[in-house]
Amino acid sequence: MRQFDFMGKRRLAFLVSALMLLVSIGSLAVQQLNLGLDFTGGTLVEVRYETVPALDTVRQTLEAEGFQDVSVQTFGAATEVLIRLQQAFDPEVGEQVVNLLRADGDNVELVRAEFVGAQVGEQLRDQSGLGLLVALGIVMVYVAFRFQYKFALGALLALIHDVVIVVGFFSLFQLDFDLTVLAALLAVIGYSLNDTIVVYDRIRENIRKSRIDDMPVIFNDAINSTLSRTLATSGTTLLVLLALLVLGGDMIHNFAVALIVGIGVGTFSSIYVASALLLPLKLEREDLIPAKKEDPEAEELP
Amino acid sequence: MLNRYPLWKYLLILIVLAVGLLYSLPNLYPEDPAVQISSTRGDVTLDESRLKRFQNALTDAGIEIKASETRENGILIRLTNADDQIEARDIIADMVSEDVVVALNLAESTPAWLESLAASPMTLGLDLRGGVHFLLEVDMDAAVTQRLEVNASAIRETLRDERIRYRNTDIDDRTLTMDFTNEEDRDAARQLIARQFPDFTYQNLDEGRGAALAMTLTDQAVNEIEDYAINQNLTTLRNRVNELGVAEPLVQRQGPNRIVVELPGVQDTAAAKRVVGATANLEFRLEARPDTPDSETEEFSFRNNEARTATLMRDVIVTGDSVSSASRSFDENGRPQVNIDLDGTGGTLMNRATRTNIGRNMAVLFIEHNTRTRTVIEDGKEVEVREPYTERGIISLATIQSALGNSFRITGLDSPTEAAELSLLLRSGSLAAPIYFVQERTIGPSLGQDNIDRGIMSVQIGLLLVVLFMLVRYRVFGIFANVALAANLVILIAVMSMLGATLTLPGIAGIVLTLGMAVDANVLIFERIREELRGGMSVQQAIHAGYERAFSSIIDANITTLLVALILFSIGTGPVKGFAVTLSLGILTSLFTALMLTRAMVNLTYGGKPVKKLWI
C-alpha cells in the first residue's frame, strides 16, 4: 500500500488552516453571523401562495401597514414565501400578516408562524455558548484521562479549529444560523473527535510497539494505516448527508450543510491539526510509557 | 477455540433482535383519523345507545366509519378518510351538551396482541403532525402582589372585627405597609395580625404623625407563592386545554417560571391563544353604602358603558376561584347568561353575605390581566418593556332579592361567545398569576406531512447508498455490516417506541446521521482485519485480532460522541433535544449491533473452520 508523507507537508497544511481560520474570523468580525430567529427573537411567517407572488409587492403591502424591517424571501419553492420581522411584535402578528396578504385577493395559506421573545433568544444564545464550552471541556478531560494531556490539547485545538471554520463558513455565506445548525455543530464536534481519537489510538499503539523515536515517521505510519478507514467512514456519512441535503427539505438544509462542511474540515483537522500539533508539543515516548498498558484480556470483546 | 461464541451469546442476540422486531412493529400500522368523545363529568353517560345515534348521524352525512368503540371514559370513532374529520366533529358536537368534549384524534391502530405486550408506536412531534407550540412565562412578581392584596383584604377584615382603626394600606414589591392614627392602635394591630399571618416579618415604622406597620413576606413564603403560582397555572392550563378538545396535548413546566403548551392538530391559533392565555376572572362585591368611608371603597365603570360607574366595597365576597361549574345558556329574552354553581365554601360565603344584605346591590366584576409591550430607547438601544395592566369592569349590578345559595346566574354579557368563553374559564379555574407568550410556533398540517415524506425518503436513500458502498467495499463482510445496520435501525426504533420518545424532524436527521456513523465501527474492524491479513496472520487470527484491536478505538470514539450527545440533551430545548435523544440511543444500539451482532455472524460463518481466504 502506498504511504503518503503527511507530516512532511504539515507546514503547508498549517498555512491552509491558518488561512481558513483567518477568513473565518475576518468574516465573523466584519459581517457577523446571520443568526436565525431562535437566537434573535422576532417573528417569522411562512406562507404558501397558489401562484408565484411578486416579492416586492408583498414587502410593500406589509410596510404600508406599518411593519418595519420586513424581509421577504422565497423558501424552497417560488410560491412559498418566508417573511421575517426582526422586531419583536406581539404574538398576534402572524395572523395579521396572513390576513393582510389575503386582503389583496390572493389565496394565501399559513404554513407556519413562529414567534420568539427577545429574552428567550438571548438566553438561548448564552446557553448555547455555555453548552459548547462545557462539551469541549468534558471531552478534553476525557481525552487527558484516556491518553495524555498533550493529546487533549491537540484534540481541543482541532475541535476549536473545526467549530470556528464551520461558523465562519456560515458567516461568510450569510447562511441562517439557527438551533438545528447549532445541533449540527455539536454533532461535528462529536464526529471530528471520533476521527481524532481513532488516529490518536493508532499513534499511541505505534509509539508503544515501535523502537524508533522518529515521531514524524510513527505519525505517518499511524495516519496511513487509518486512512482507508477515515475515508470509508467520511464517505458513508457524507453519502447520507448528501441524501439529507438534496431530499431532506428546507427545514434541514442548513443542518446538512453544516455537517458536510464540518466533516470535511474535521477529517482534515484530525490529521493536520490534532496529530501534527503533537510535534510542536514535543510528544515523547516517555509521555506514554508510564500509562499502564491495558490488559488485553480485560478488554476482550463481549 | 478462536472465533466461537458460547450458545448463550447467540441466544441473547436472538432475544434482543426478536424483542426489537416486536416492539418496532406497531410503527408499521398507520394511525386512523378519529373523533374522540369524552366527558369530564360522571353523570353524563356515553354508552352504546349514544354511539348508535352518532353513527347514524355520521352515516346520514355520508361519512364513512371504519370502526368505533366505547371506552372507559368515552367513545372513539375511527374514520376512513382524514378529510371527514372536522365535519364529523362538528356534527357530533352539535348533538351533545357542553360538558362533553369532542376532539380530533389520531388513533393508534396497533393490533390487540401487540397492545397486550404494551407495544405502541412512536409519538410524532409537532413538526411532523402540525399544530401549535406555545412557550409561556409566568409573571412571578404579579403572583406575589396578588397574594399581598388578598392578605391585605383579610387583615382589614380582622382589624374591623376587632375595631382597630387603620388608615391606608400600601403594597410595594413584597412589602405591605399599613398606616395607623397612633402607636397604640399599631401595636394592638401588630399583636393581632402577627399571630394569624406567620409568613411576614414585621417592622414598626415611625414617620411624621401617626404610626405605620411594614409587613414583608419572608423568602420562604415568596418561594411557596411562586411554586404555588406555577403549579396552579399548570393545572388550570391543563383544564383549559382539555376543554379545548385537543387530543394528546402537552402542558409541561420548563425551567423555574416557564410552561410549554403543545397542541397537536390545532390550526386556529387565535382561538387557542385566547383560551390558553386568558386571565379573566370574576369577583362578586357589594355596592358601597353612601356612608362607607372612602378607604373601603373603589369606583369602577361598566364594561359595556364606560361612562356609567358604580362605587363598590373593597372587600370581595367570593371570586371565580370558588366556582365549581359554569355553563352558558340564554335567558327568557334570548340574552346570553352564565349559570354558576359555587363550591361549599363559596356557597356559604355568598349565603352569609347576601342574607344580611337583602335590598342592597351586588356587582359582578370582570377582571382581566393583560400585558402590552412597549419599545423604549435606553442607552441608545431599543429595549422592550412589558407593562402589565389590569382591566376591571362591572358586568352586572343587581339588587339582592333574597339570600343566594350555591347556584345562581349572571347576565349582562355582550355576546354568546363571550358567555361561552367566560363559562369555560370559570370551569377550568383562573390562573394564579398572569402569563404571557414568549414563544409561539404554528406548523401547518401540510408541512408536517411533507416533513415526514421527505424524512422517510432521505432515510431510505441514505440507507441504500451506505448499503451499496459497504457491499462493494467489503463483500461478504459488507453483508454482515448491512444486516447489522438494518438490525440497528429496527432496535433503535423499538427502543424509541418503548421509551415513548417523540420523533421530530431533527430526530429523523439524528437517525440518518447515526446510520452513517454506525458503520464506522464495522469499517474500523474490517480495515483492521484486512491489515492483519496483509501482515501475514492466518484468517482466524486476523479476525480475532481485528475485533480486539479495533475495540479500544471504537469505545473511545463512541464514548466521546455520547458525552457530546448527553450535553446536547441537557442544555438543549425542543429540536436539539430530539436530535440528542436519537443520537445517543443510536450510539448505544450501534455498539451492540456493530460489535456483537456482526461478530456472531462472522463466527457462525467462519469460526472454527479451516478458511483459506476471506472475501473482505
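From the backbone N, Cα and C atoms, a Cβ is placed for every residue, glycine too.
Your range for transmembrane segment, going by TrEMBL and the list B:5-22, B:455-472, is B:455-472. Contact count against the domain 'SecD export protein N-terminal TM' (B:2-104) (Cβ pairs under 8 Å) is highest for B:438-600, out of B:230-287, B:305-433, B:438-600. Highest Cβ pair count under 8 Å relative to the transmembrane segment (B:507-529), across stretches B:455-472, B:479-501, B:550-572, B:578-597: B:578-597. With pairs at least 6 apart in sequence, the transmembrane segment (B:455-472) and the transmembrane segment (B:578-597) have fewer than 3 Cβ pairs within the 8 Å limit; the two do not touch. Residues of the domain 'Protein translocase subunit SecDF P1' (B:230-287) grouped by DSSP class, helix first, strand second and coil last, total 24 helix, 21 strand, 13 coil. For the domain 'SecD export protein N-terminal TM' (B:2-104), residue counts in helix, strand and coil come to 49 helix, 26 strand, 28 coil, using DSSP. Helix, strand and coil counts from DSSP across the region 'Disordered' (B:325-345) read 2 helix, 13 strand, 6 coil.
Restricting the average to the domain 'Protein translocase subunit SecDF P1' (B:230-287) gives a pLDDT of 78.
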